[in-house]
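Visitor: Straight out of Swiss-Prot:
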type    : residues                                                                                             : note
BINDING : Ala17, Phe18, Ser19, Gly20, Gly21, Leu22, Asp23, Thr24, Ser25, Ala43, Gly129, Thr131, Asp136, Asp194 : ATP binding site
BINDING : Tyr99, Asn135, Arg139, Ser192, Thr201, Glu203, Glu280                                                : L-citrulline binding site
BINDING : Thr131, Asn135, Asp136                                                                               : L-aspartate binding site
Amino acid sequence: MSTILKSLPQGENVGIAFSGGLDTSAALLWMKQKGARVFAYTANLGQPDEADYDEIPRKAMEFGAEKARLVDCRSQLVHEGIAAIQAGAFHVSTGGIAYFNTTPLGRAVTGTMLVSAMKEDGVNIWGDGSTYKGNDIERFYRYGLLTNPDLRIYKPWLDQQFIDELGGRAEMSAFMTAAGFAYKMSSEKAYSTDSNLLGATHEAKDLERLDSGIKIVNPIMGVPFWRDDCAVKAETVAVRFVDGQPVALNGQTFADPVALFLEANAIGGRHGLGMSDQIENRIIEAKSRGIYEAPGMALLHIAYERLVTGIHNEDTIEQYRISGMRLGRLLYQGRWFDSQALMLRETAQRWVARAITGEVTLELRRGNDYSILNTESPNLTYAPERLSMEKVEDAPFTPADRIGQLTMRNLDITDTRAKLDIFAKAGLLSAGEGSHIPKLESDKG
């Protein structure tokens with residue numbers, strides 16, 4: 001049996017991820033009028049642009065929902081966000097500035113928690129507003145079926161009858177008005193925005209053009225730091241971790257991780273920290289472009305990675321970065337709870353994060369401009385006396401020790417020379433004058 005329904009299942013319980021916006025409001029009312037028993041579920045993800053969460057379920061009931069629930073997802077979202085920081089699960093970056101996968105993290109939490117709530121209410125059909133060209137249709141599909149194997153999927157935006165009758169925002173607005181709901185369309189922005197407590201995504205419309213950039217965006221979690229009339233003062237902030245968990249900001253300890261994240265967002269947001277412009281590969285391998293905000297994620301990530309580099313050895317750091325790239329891609333693809341992702345994630349949390357205890361002090365300026373002022377940790381393996389250029393007592397090694405170490409390198413150097421000679425004879429290298437490879441004397445003549 002197909003899990004995707006192409007037309008509305010009349011007379012059955014259908015759950016809809018309800019945002020309260022025009023699209024989902026029109027979809028809910030339309031499904032009700034066509035004979036479905038509609039249940040509305042709203043995820044409280046701490047969206048910074050949402051003024052009143054309690055109003056959303058009330059709207060759903062007005063539009064004909066059998067039941068409307070507000071599901072608080074904030075604690076779980078922050079839990080997953082911290083896990084992503086611990087594992088470095090960020091695979092998209094430009095010029096060293098990362099996209100913190102805030103939308104994929106939000107989808108992982110929304111997809112599992114809303115479907116769990118639906119299952120409690122005996123609702124085994126789920127609809128949402130994702131379109132067939134985006135990533136979310138696949139993310140929600142995976143997370144929904146992982147949570148409820150009996151789930152069937154109905155998306156109004158894949159139903160040709162819905163598209164024919166309510167194919168655009170003007171048609172939806174007229175439909176709502178005709179039904180007695182004076183639903184006024186919000187003014188159209190030059191881009192669309194999706195947000196949660198961890199970050200905001202701005203994309204589509206004018207932002208699809210690469211000659212239209214960050215300057216057309218009105219940040220919702222920070223400040224437009226690129227504007228001359230935007231005053232941004234330098235600020236010092238201290239971030240403390242214990243066993244890989246962020247616990248304090250500027251000496252204030254937080255028992256509630258959600259409260260800590262809200263404060264981290266406020267601090268980073270005052271500077272526009274964590275804003276980035278990325279070109280990425282969607283799940284279907286087509287490229288898309290987004291402008292992202294993630295002030296709290298960026299602040300915690302910077303401090304965490306500073307401690308990682310001061311505590312762990314080179315091979316561990318290398319594995320952390322390689323695994324983090326892979327895990328970030330799995331997260332982006334909607335596979336955050338797949339076994340291969342759990343394996344990578346738990347490894348980083350167990351063998352990297354558990355050693356991360358300490359405090360990092362930074363000076364934040366404009367945007368992603370910052371300086372690290374101090375790093376403290378009882379677990380630091382950074383020991384300046386080991387490599388001090390000054391004369392020290394009880395030096396860890398002597399000139400004679402280094403001579404012996406370099407002599408051992410002769411084995412590797414000899415082998416490397418032999419390989420280069422093979423490559424040169426095969427025509428793969430041009431050695432000598434006019435080449436970037438220096439002329440090498442062959443041991444064999």
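Don't overthink the numbers, they just go from 1 along the chain as shown.
Just so it is clear, glycine is given a Cβ too, placed from its N, Cα and C backbone atoms.
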Visitor: Max Cα-Cα distance in Å among Tyr99, Asn135, Arg139, Ser192, Thr201, Glu203, Glu280, the residues listed as binding L-citrulline?
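Guide: About 19 Å separates the two most distant Cα atoms.
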Visitor: What is the interatomic distance between the Cα atoms of Asn135 (L-citrulline binding site) and Gly129 (ATP binding site), given in whole Å?
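Guide: Distance (Cα to Cα, whole Å): 12 Å.
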Visitor: Could you tally the C-beta atoms, other than its own, that fall within 10 angstroms of the C-beta of Asp23 (ATP binding site)?
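Guide: That number is 15.
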Visitor: Where does Thr201 (L-citrulline binding site) sit by DSSP, helix, strand or coil?
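Guide: For Thr201 (L-citrulline binding site) - judged by DSSP and reduced to three states - the answer is strand.
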Visitor: How many Å separate the two farthest-apart Cα atoms among the ATP-binding residues Ala17, Phe18, Ser19, Gly20, Gly21, Leu22, Asp23, Thr24, Ser25, Ala43, Gly129, Thr131, Asp136, Asp194?
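Guide: That value is 19 Å for the farthest Cα pair.
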Visitor: Through the lens of DSSP with three states only, how would you label Gly21 (ATP binding site)?
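Guide: Its secondary structure by DSSP: coil.
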Visitor: Only counting partners 6 or more residues apart, tell me which same-chain residues put their Cβ under 8 Å from the Cβ of Thr131 (L-aspartate binding site).
Guide: Ile137, Trp157
Visitor: Other than Thr131, Asn135, Asp136, which residues of the same chain sit close to L-aspartate? List them in sequence order, counting a residue when its Cβ is within 8 Å of the Cβ centroid of the site.
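Guide: Residues close to the L-aspartate site, other than Thr131, Asn135, Asp136: Ser130, Tyr132, Lys133, Gly134, Ile137, Glu138, Arg139, Phe140.
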Visitor: What is the separation, in Å, between the Cα atoms of Thr201 (L-citrulline binding site) and Asp136 (ATP binding site)?
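Guide: If we compare the Cα positions of Thr201 (L-citrulline binding site) and Asp136 (ATP binding site), the gap is 13 Å.
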Visitor: Taking the Cα atoms as reference points, how far is Arg139 (L-citrulline binding site) from Ala17 (ATP binding site) in Å?
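Guide: Here the two Cα atoms are 14 Å apart.
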Visitor: Where among the binding-site residues Ser19, Ser25, Asn135, Ser192, Thr201 do you find the Cβ with the fewest other Cβ atoms within 10 Å?
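Guide: Counting other Cβ atoms within 10 Å of each of the binding-site residues Ser19, Ser25, Asn135, Ser192, Thr201, the minimum falls on Ser192.
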Visitor: Take the Cβ of Gly21 (ATP binding site) and count every other Cβ within 10 Å, whichever protein chain it belongs to.
Guide: 15
Visitor: Tell me, by DSSP, whether Glu280 (L-citrulline binding site) is helix, strand or coil?
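Guide: Reduced to three states, the DSSP call for Glu280 (L-citrulline binding site) is strand.
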